[in-house]
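As given in Swiss-Prot:
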REGION    1-65  region 'Domain I'
REGION    66-143  region 'Domain II'
REGION    144-147  region 'Flexible linker'
REGION    147-190  region 'Domain III'
């Protein structure tokens with residue numbers, strides 16, 4: 001079993017990289033977000049999840065830059081109907097924190113993407129809603145937010161994830177009006 005790989009990126013493809021580790025090239029599948037951060041010649045260290053594809057009689061390697069992202073994949077593939085490829089697509093769109101929020105809030109819109117039907121989205125929410133605490137979101141990145149401020153921004157027409165990412169930067173004990181005002185300033189600049 002491979003736990004992690006550290007090496008130089010030789011090739012970047014649409015869904016994977018060739019990672020050169022001591023002159024051995026490993027094909028490692030990555031989420032779109034992680035793939036965008038890789039460039040030829042850059043040095044990367046990836047946590048590795050190995051999937052034995054019995055139909056093709058090969059082992060596929062999936063790489064992650066964070067333990068949280070790897071844990072999300074492990075939870076997602078336990079859901080009936082979610083393949084490794086589907087899980088990587090989800091992680092390409094949502095951070096572990098956003099996935100956690102979408103499952104907790106039963107936000108089907110946030111989980112909507114190509115190849116993911118409503119039945120599968122409902123199954124993901126149903127099967128993982130009790131397990132999301134296992135995501136162990138890093139306490140520095142995930143903290144309670146002011147739900148009233150989030151609701152106000154959504155009602156003003158901002159996308160839920162964008163609003164969430166903006167207001168999570170502010171301490172939840174600030175006055176709701178102040179959080180909304182600061183968030184609106186930031187969102188109007190973007």
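Backbone N, Cα and C define each Cβ position, glycine as well.
Remote same-chain residues near the region 'Domain III' (147-190) are listed as 94, 98, 101, 107, 109-110 (criterion: CB distance under 8 Å, separation of at least six residues from the stretch ends).
Taken through DSSP, the region 'Domain III' (147-190) splits into 31 helix, 0 strand, 13 coil.
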